Amino acid sequence: ATNQCSLCLITGVCVLCTQISPKEGWQVYSSAQDPDGRCICTVVAPEQNLCSRDAKSRQLRQLLEKVQNMSQSIEVLNLRTQRDFQYVLKMETQMKGLKAKFRQIEDDRKTLMTKHFQELKEKMDELLPLIPVLEQYKTDAKLITQFKEEIRNLSAVLTGIQEEIGAYDYEELHQRVLSLETRLRDCMKKLTCGKLMKITGPITVKTSGTRFGAWMTDPLASEKNNRVWYMDSYTNNKIVREYKSIADFVSGAESRTYNLPFKWAGTNHVVYNGSLYFNKYQSNIIIKYSFDMGRVLAQRSLEYAGFHNVYPYTWGGFSDIDLMADEIGLWAVYATNQNAGNIVISQLNQDTLEVMKSWSTGYPKRSAGESFMICGTLYVTNSHLTGAKVYYSYSTKTSTYEYTDIPFHNQYFHISMLDYNARDRALYAWNNGHQVLFNVTLFHIIKTEDDT
């Protein structure tokens, strides 16, 4: 009948069909998943003004809105993959060039000094394990490109099956959409973590406050919650300023202020799941303060941790204890006499502040400019001044370290706060009285169900 809507579904493709006149148009939504678990889908639907009298059409429009949101997520996934893939291609070219050069030198090694040859061989041995990783990443990126091409051709295929209306009912379509949403979320989770490869920026958000301070958002907040917290200076202060959004922060429109019960030490605070975690002044005590309740929920001494400029970062400022969060949870970075002043990493229980596990590194805390966690790996800069770079990393997953060379632009010459936000996939920094953001490029592998 002309005024009724019916549904049909083909393998791997969701389709909403109706009898329409030649003048009426269609809307196209895309989001799905192939048999190997990678995300791709196309949904073809009539314009929203069709089927308005059908009671089920309202439910269908809700489903289509949900699919459209998933479509936007897959576009984000694709943009991230393409951006990282371009970086991988550049890196691969450099590696292959080094490999070719090494082979040439090896053929003529009798004419070279033994020392120079051995240094080059060791450098090549470090790079060789990355080649199969790059090849696997290229394969994943190529598959996503193929899926996008299939999406472009899918509308033509759907046009040919419009006559097969009524094959499936609403409940079955509903279940298919729910399954698609679950698979898409699983796919996005596979891209959450990765290895830091590049830092770009900064973007200057605002210029305010003293040379030292901290500003942050909550990585566990919902998409609609974009509150910003601002804590000026590294000592002798208890006032936290809150802004409802980045725009309000830039314009200076405060929504609320909090008068903490204790002064803080340093600039290495973190907001996590609605609470502020900070180091109490002149102590190694960590405080958990709830913004919603307006009171302290927990406090605990970080055993053996140096404080009050015993083991600060290179810039001083009572930065002995650095609290941070990543995709895995809440962390504390500090140093102890027992570890000879070298950095200790502790994973904390966000409710009780108990140390769940600790890792002792060999990097001196006083030689570190700043540090931040990404996916369970601590990244340490070698300075807070011009020319600083990420120089050292320690993986809590493998309990191993490596020296790195990841430069970033210290635009205003002095960094007193540098923290990673997993939701924004960015580094928040306080750069000599400027609040700035750095973008990060992470190298990741899309794992399949066959991977162990």
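From the backbone N, Cα and C atoms, a Cβ is placed for every residue, glycine too.
Disulfide annotation in TrEMBL: C193 is bonded to C375, selected among C5, C8, C375. Looking at 144-190, 379-425, the range tied to coiled coil in TrEMBL is 144-190.
In sequence order, E327, I374, C375, G376, L442, H444 make up the list of same-chain residues 6 or more apart from C193 (disulfide bond) whose Cβ falls under 8 Å from its Cβ.
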